[in-house]
Amino acid sequence: MRIILLGAPGAGKGTQSHFISKALGIPQISTGDMLRAAVKEETPLGRKAKEVMDSGNLVSDDIILDIIKERLKEDDCRSGCLFDGFPRTIAQAEALDREGITINHVIEIRVEDSSIIQRMSGRRVHPASGRTYHLTFNPPQQQGVDDETGEPLIQRVDDTEETVKKRLAIYHEQTSPLIEYYTGRAAEGSLDSPRFTTVEGTGKVEEIRDRILKALGA
């Protein structure tokens, strides 16, 4: 089964991707990781991608698709895979279709923007250990300091309310249209049409996991 997981930044895709991959025994395919590996290994595609990146440009969808096609030929993808971070745009989704890369199920983890802003802007981190707290859901015993060391906690730049709002705006502009695209593809009802399911992304991590696995029939 080939699966695409959609959802805004902070919706919990990373956590749930790990659960799905483990439960179904399929690899999680990260286009970013594959691109870095291809560049490091100096494969023909990696050299081409490095040339583009060194010139300050974005790697084209064509190169990304070629890297994906190479990855899908590997043995661990025979039973399927979970796409991580791809597609991000309708152009990329259409390219997958053109290349005949069939997607079986698209899952959208839906969380309201206000909840995501609360989730992310409330995070505080102890830099040395990586211990993470949340002002509302998992506060430190003493405000502003790590429970174990008493050292100050910080808010990462990525977690500031302003940054989160910007990331959400980009998501709604670029990636949200994919929901409409895949809803339409699912409605076609053809043999190569994916199923599309929206899963409520609030609640305990395990509850969300169970909703997703139920939707996938796992």
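Just so you know, glycine gets a Cβ as well, placed from its N, Cα and C.
Owing to the predicted nature of the structure, the values given are computational and were not obtained by experimental measurement.
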Annotated companion of Gly10, Ala11, Gly12, Lys13, Gly14, Thr15, Thr132, Tyr133, Gly203 at the ATP site, Swiss-Prot, chosen from Arg2, Arg123, Arg185: Arg123
Please state whether DSSP places Gly12 (ATP binding site) in a helix, a strand or coil. coil
If one measures from the C-alpha of Tyr133 (ATP binding site) to the C-alpha of Asn57 (AMP binding site), what distance in angstrom results, rounded to a whole number? 37
Let me make sure I understand the span of the AMP site: among Thr31, Arg36, Asn57, Leu58, Val59, Gly85, Phe86, Pro87, Arg88, Gln92, Arg156, Arg167, what is the greatest distance between any two Cα atoms, in Å? 31
Within a 10 Å radius around the Cβ, which one of these binding-site residues has the most neighbouring Cβ atoms: Gly10, Gly12, Gly14? Gly10
